[in-house]
Amino acid sequence: MTGSHDSDLAREKLIVALDYWNIEDARKLVRDLGDGVSFYKVGLGLQLVGGNEFARELIAEGKRVFLDYKYYDIEETVQRAVAQAAELKIAFLTVHGVTSIMKAAVAGRGNSDMKILGVTVLTSMDAEDIKEMGFECSVEDLVVARARRALEVGVDGVVASALEAAELRKHTNNKLMIVSPGIRPSGGARHDQKRVATPFEAMRAGADYLVLGRPIYAADNPKAAAQAIIREMADALRPD
């Protein structure tokens with residue numbers, strides 16, 4: 001049986017991806033989920049239709065916001081863009097896991113509490129994809145290498161598949177936060193994800209936060225779907 005403390009902790013660790021292309025659809029999901037979800041991801045789909053203003057709206061309502069824009073540009077541009085995000089009181093922000101980009105992001109963050117996350121390898125990619133990009137190593141080795149660089153430059157965490165979470169814990173001495181997308185409930189469709197794990201598996205592997213979109217917003221009852229995922233996460237948090 002899941003305790004209330006485990007459920008509360010699990011709720012804080014669930015990030016619902018607002019993968020929409022207009023604000024009204026995203027706003028409706030937030031209303032439908034109510035107090036059951038406290039953390040949301042705003043990505044590229046909403047960026048050009050008022051994503052930053054919507055992030056302000058969510059924060060004013062007491063929600064935490066993960067701004068998933070995956071910044072990748074010249075260092076000065078990244079630094080200034082990150083500084084602007086910090087002024088919004090964003091909780092998490094992603095940048096590409098390139099050393100110079102991560103350094104610029106850390107500088108732009110300044111003294112704010114915003115957490116900078118380096119993107120390692122997208123969960124929609126597999127060994128064949130990274131081979132096409134010119135890498136001869138395994139996905140796991142590339143993820144670990146980028147995480148080590150993230151740790152060296154002062155980034156707070158990484159975005160990585162739960163499949164690599166255990167190795168990341170081992171190679172970074174538990175000093176990096178791990179945020180894992182590519183999460184699918186048992187038996188759920190993978191869609192465009194190639195490296196996936198269930199909520200239970202991901203939490204047990206060492207992920208700190210889980211990002212789920214379609215399993216919630218495409219469900220017949222999004223609120224019930226979110227609650228079921230939170231229960232599964234809470235079960236994983238309980239000691240054996």
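Glycine too: its Cβ is placed from the backbone N, Cα and C atoms.
Keep in mind that this is a model prediction, so the values were computed, not measured.
Per Swiss-Prot, substrate binding site is recorded for D19, K41, 68-77, T123, R184, Q193, 213-214. Non-local neighbourhood of Y69 (substrate binding site): G43, L44, Q47, A81, A85, L93, T94, each in the same chain, at least six residues away, with C-beta under 8 Å from its C-beta.
With a cut-off of 8 Å between CB atoms and residues at least 6 apart in sequence, the same chain places L44, T94, V95, H96, V119 near K70 (active site, proton donor), listed in sequence order. What Swiss-Prot lists as active site, proton donor is K70, and the listing cites sequence analysis.
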Those residues of the chain, 6+ apart, with a Cβ under 8 Å from that of E75 (substrate binding site): S100, I101, K103, A104
When a 10 Å sphere is centred on the Cβ of G213 (substrate binding site), how many other Cβ atoms does it contain? 19
Cβ contacts within 10 Å for D19 (substrate binding site), all chains included, total 20
For Y72 (substrate binding site), which residues of its chain lie six or more apart in sequence with Cβ-Cβ distance below 8 Å? V78, V95, H96, V98, I101
